[in-house]
Amino acid sequence: MSQASTVSLTRYLLEEQRAGHINADLRLLIEVVARACKSISIAVGKGALGGVLGDAGSDGEASINIQGEAQKKLDVLSNEILLEANAWGGHLAGLASEEMDHSLPIPDVHPRGNYLLLFDPLDGSSNIDVNISVGTIFSVLRCPEGVTTPGDEHYLQPGTAQLAAGYCTYGPSTMLVLTIGHGTHAFTLDREIGSFVLTQRDMKIPEETREFAVNMSNQRFWEPPMQRYVGDLLAGREGPRGKDFNMRWVASMVADVHRILTRGGIFSYPLDSKCAGKGGKLRLMYEANPMAFLVEQAGGAASTGRQRMMEVPPTGLHQRVPVFLGSKAEVEAAVRYHVEAD
Ligand code: AHM
Ligand code: MG
């Protein structure tokens, strides 16, 4: 790309501010998140040389997060990087993370702003030790009027209330994919100059697809409509869908969603009897909702299989939901199987 056509993240955000799509505080908040992602990218990129691979914890005891999952050293480090970068910026009233039991109001020693930031600091962390892409997912909400010290309940806003959402994928290149409600745009980290450069404006997910992403090893635990849906995909051109489908599963949601934003497809992590009572595997507030916002802004759809994702009324910070997102016509097909079965 020639320098003349280069649009940095900073320039993009300033132009959006001038167009009246965001204010200066939200612009600067996104800049701070992007800066934290650069630091995480550096830590991830060092791999074994940085001494950051493996499980967190001490004396042979793994450290366990609120989700009951063993934390990796890089999960903990990424969480610290995001907390440290955002605490003193003055744009936030509070933060919530996959790695923390409860949200954190910005300490009194720092100025407080009007926004709430939710994040999964390092999604797909089971892939860290095998050098496969991982990512950071984030969502920005407005702190309710009159609330100065937000508690968990103030974060329980539907996905439609999100002001901005994005992810950063740490793969062969580091990319930030962002929406502020005016399209979904991709920025690639130029490691030599240290800034994110706009490399794809207005990403568009093809409406139709022949590619699906699901963890097939859970097949026997799925609900009957999901069994039928995937059975019909696998039946290919001889089956009711009348076309052959390919399958991909990275097991890093960020990488799977990035592929879908780039070339289409459907991503699903449905209900299964292993997560019965939990509502699903993926988390609504900092995984499903931000991805749903990005996907809808790129012309795709996101659903629980029964309801538009961004209209789900949240009941808990770490609430789990079934997820279907990607190419619009394919998500609608998956939803039909579920709705017709009810
Ligand atoms: P994590 O937030 O603990 O990393 O879990 C979320 C990840 C997603 O990135 C991915 O889509 C899914 O879990 C993979 O699950 P599985 O290992 O069951 O295939
Ligand atoms: Mg995650």
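In case you wondered, yes, glycine gets a Cβ from its N, Cα and C as well.
The following features are taken from TrEMBL:
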type	residues	note
DOMAIN	8-200	domain 'Fructose-1-6-bisphosphatase class I N-terminal'
BINDING	GLU98, ASP120, LEU122	Mg(2+) 1 binding site
BINDING	ASP120, ASP123, GLU287	Mg(2+) 2 binding site
BINDING	ASP123, GLY124, SER125, SER126, ASN215, LYS281	substrate binding site
DOMAIN	205-337	domain 'Fructose-1-6-bisphosphatase class 1 C-terminal'
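Taking the features listed in TrEMBL, we show where each one sits on the structure.
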residue: GLU98; record: Mg(2+) 1 binding site; Cβ within 10 Å: 25
residue: ASP120; record: Mg(2+) 1 binding site; Cβ within 10 Å: 28
residue: LEU122; record: Mg(2+) 1 binding site; Cβ within 10 Å: 30
residue: ASP123; record: Mg(2+) 2 binding site; Cβ within 10 Å: 28
residue: GLY124; record: substrate binding site; Cβ within 10 Å: 21
residue: SER125; record: substrate binding site; Cβ within 10 Å: 23
residue: SER126; record: substrate binding site; Cβ within 10 Å: 13
residue: ASN215; record: substrate binding site; Cβ within 10 Å: 13
residue: LYS281; record: substrate binding site; Cβ within 10 Å: 20
residue: GLU287; record: Mg(2+) 2 binding site; Cβ within 10 Å: 26
Return the members of ASP120, LEU122, ASP123, SER126, ASN215, GLU287 (the binding-site residues) with CB less than 6 angstroms from at least one atom of ligand 2, or none.
ASP120, ASP123, GLU287
Could you tell me which three-state DSSP class GLU98 (Mg(2+) 1 binding site) falls into?
coil
Length of the line joining the Cα atoms of SER126 (substrate binding site) and GLU287 (Mg(2+) 2 binding site), in Å:
16
Report the binding-site residues (LEU122, ASN215, GLU287) that meet this criterion: Cβ distance to the nearest atom of ligand 1 under 6 Å. Use sequence order and write none if nothing qualifies.
ASN215
Proximal residue to ASP120 (Mg(2+) 1 binding site) among binding-site residues ASN215, LYS281, GLU287 (C-alpha distance):
GLU287
To test your reading of the substrate site: which residues beyond ASP123, GLY124, SER125, SER126, ASN215, LYS281, same chain only, put their Cβ within 8 Å of the Cβ centroid of those residues?
ASN127, ALA251, SER252, MET253
In whole Å, how far does the CA atom of GLY124 (substrate binding site) lie from that of GLU287 (Mg(2+) 2 binding site)?
11
Which binding-site residues sit within 10 Å of ASP123 (Mg(2+) 2 binding site) - Cα, from GLU98, ASN215, LYS281:
GLU98
List the binding-site residues among SER125, ASN215, LYS281, GLU287 whose C-alpha is within 10 Å of the C-alpha of GLU98 (Mg(2+) 1 binding site), in sequence order, or say none.
GLU287
For the substrate binding residues given in the record (ASP123, GLY124, SER125, SER126, ASN215, LYS281), what is the largest pairwise C-alpha separation in angstrom?
16
Could you measure between LYS281 (substrate binding site) and LEU122 (Mg(2+) 1 binding site) for me? Cα positions, answer in whole angstrom.
16
Taking 8 Å from the centroid of the Cβ atoms of ASP120, ASP123, GLU287 as the cut-off, which other residues in that chain fall inside it around the Mg(2+) 2 site?
GLU98, PHE119, GLY124, GLY135, THR136, ILE137, MET253, VAL254, LEU282, ARG283, TYR286
Could you tell me the C-alpha distance between GLU287 (Mg(2+) 2 binding site) and ASN215 (substrate binding site) in angstrom, no decimals?
17
Determine, to the nearest whole angstrom, how far the Cα atom of LEU122 (Mg(2+) 1 binding site) is from the Cα atom of ASN215 (substrate binding site).
20
